[in-house]
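Student: TrEMBL feature annotations, pasted as is:
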TRANSMEM  B:48-73  transmembrane segment
TRANSMEM  B:85-103  transmembrane segment
TRANSMEM  B:144-162  transmembrane segment
TRANSMEM  B:168-191  transmembrane segment
TRANSMEM  B:224-246  transmembrane segment
TRANSMEM  B:258-277  transmembrane segment
Amino acid sequence: MDATERPVADLPAQRDGQEVIHLDRVEKVFEVRRRAGLLRREKREVRAVDGLSFSVGRGEVVGFVGPNGAGKSTTIKMLTGILTPSAGTLRVAGVEPARDRARLARRIGVVFGQRTTLWWDLPLLDSYQLIHRMYRVPDARYRENLDRCVELLGLGDLLDVPVRQLSLGQRMRGDIAAALLHDPEVLYLDEPTIGLDVVSKANVRHFLADLNAERGTTVLLTTHDLTDIEQLCRRVMVIDHGRLMYDGEVAGLHRIAEVERTLVVDLATEMAPIALESARTVKVEGPRQWLAFPAGQPAAPIVAEIAAGWPLVDLSLREPDIEDVISLMYAGRSAG
Amino acid sequence: MADPAAPPRPAPDPVDARFGSPLTEGLRTYRLVVAMWVRSTLTYRASFAMALCVAVVANGLDFVAILLMFSHVDRLGGFTLGEVAFLYGTSATAFGLAHLTVGSMDRLGRRIRDGSLDTLLVRPVPVLAQLAADRFALRRLGRITQGALVLAYALTVLEIDWTATRLLMVPMMLVSGAALFGALFVAGAVFQFYAQDAAEVQNAFTYGGTTLLQYPPTVFTRELVASVTFVLPLAFVNWVPASYVLDRPLPLGLPVQAAFAPPLVAAVCCVAAGLLWRVGLRAYRSTGS
């Protein structure tokens, strides 16, 4: 069963029976102190998360997006039990994260895109063996999970390599495997494709889609890369200034703000704007032309069409950024 | 597992049933992580042996300074070379044991700065155990070896009237002393929750403390001796119990019973450090940094 083919209608039904993540009016207020004189100190309150409520059903893959400083990381930190909320209630996999951090940790997997949870100086396999023992994963289960991850994430040649010698893409795959060895119910991914090349990104996305389809693992994904969202999630939550701005289907986000990818093509000579059904030419500058098309649509047919009809020299693809979408949302809101 | 028709899991969860109490899990994790680092260190035997020798020699130079001093004087603060060696040996060995087991705690500030403390918080075992075991450095055995050699030298040259009590006092001093220094390492780490570049302050107390205790209390002012007895009770590592072993009056005119207090003082300090650690970690979890 492919997760992306399930009818949208089963979403609410999934939610009321098997709720895995639940937030009710969660707030996080930081008190920032700064020196305002020799001895005087100024106190300032920063409301990083401001009355956030949502729930996620078992087996959902949800994109959690927002600009820098929107409260994404703070929310993830509360959902993993790292931070204690200032107000409101949270439940993840039947556990209250702040109170029962260790019990929660047995049930969740966390991948921080920017830093590794692996032991930096030890070979990858040593890290996995430590996790095996630390999470008390039954031997047979550990073997099975490790073999599966090694195969699907292509880690075979890397197991003896110290983590510090891995490339960013290799390390990310290593981290994802590490987060899954104990069969977590919920997987949090914080920017899992940041800094990865196109092939590594595709591998990671493919693996996550399979994981969700086969194991029913609930995935909460924060990302700047809208293509991650397009290809993995049916539901997306947009957060800004600590509040939920949008919670619904990815398709619905397009209705609010038309998200587009941009194909930049270099032709052999200066030509009239390329006219295609599937993309619109937004800019022409000498032999270079910019074509925009909906982010959910594949690029290959468009490229093929251009290659067939025009003297194509070079091309590049610009992915839409979440900041673009948010600014479009604001623009759409004030206009409508 | 992914069957949407299955009812919610019943209360006593099979996942939780696999785990023991936080203390059990903490000690077990400490052992596992330490074993991993030791294995990894011993992969490069030659390089480890070299590091160990360097550590013994480098620490040994420290004692050479004291030997040089005694080439000019017969006594230091009324203590003979053998007696100073006894103070040096007990302090260095106790500190070495604490340094080996929990010395990695001073990396906490760096971990807070680079955010990697968060990666420890998402694991199902106590953070303290993970942090203490992290980068377990077997070469720190060098300091213990050197301290033990000096102590052995002291015990051969000193003419002590060995009663059973005096004999038992020596291992008791080492164990209690290690626990006292260990508590100091943990308490110092807690300080880093509040001031993240406080590793140097911590070092001043830990490394500074052991250096202080290598000299007789009689060379320091009464105020200093009083503060390391009653405020930061490092005097219980060796000054107080060593006075009994060496058959000398206790510092500050303490009653002789005080010489038997180190295990109690160490236990109180460990509990206090543990409580401080909880407060510090709670503060971190409510502020994020």
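From the backbone N, Cα and C atoms, a Cβ is placed for every residue, glycine too.
Here the structure is a predicted model, which means the values were calculated and not measured.
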Student: If you count every Cβ pair below 8 Å, which range out of B:48-73, B:85-103, B:168-191, B:224-246, B:258-277 shares the most with the transmembrane segment (B:144-162)?
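Tutor: Out of the listed stretches, B:85-103 contacts the transmembrane segment (B:144-162) most.
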Student: Give me the stretch from B:85-103, B:224-246, B:258-277 with the greatest number of Cβ pairs under 8 Å to the transmembrane segment (B:168-191).
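Tutor: Answer, by Cβ pair count: B:258-277.
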Student: Sequence-remote contacts (6 or more beyond its ends) of the transmembrane segment (B:258-277), Cβ cut-off under 8 Å?
Tutor: 128, 169, 172-173, 175-177, 179-180, 182-184, 186-187, 189-190, 233, 236-237, 240-241, 243-244, 250
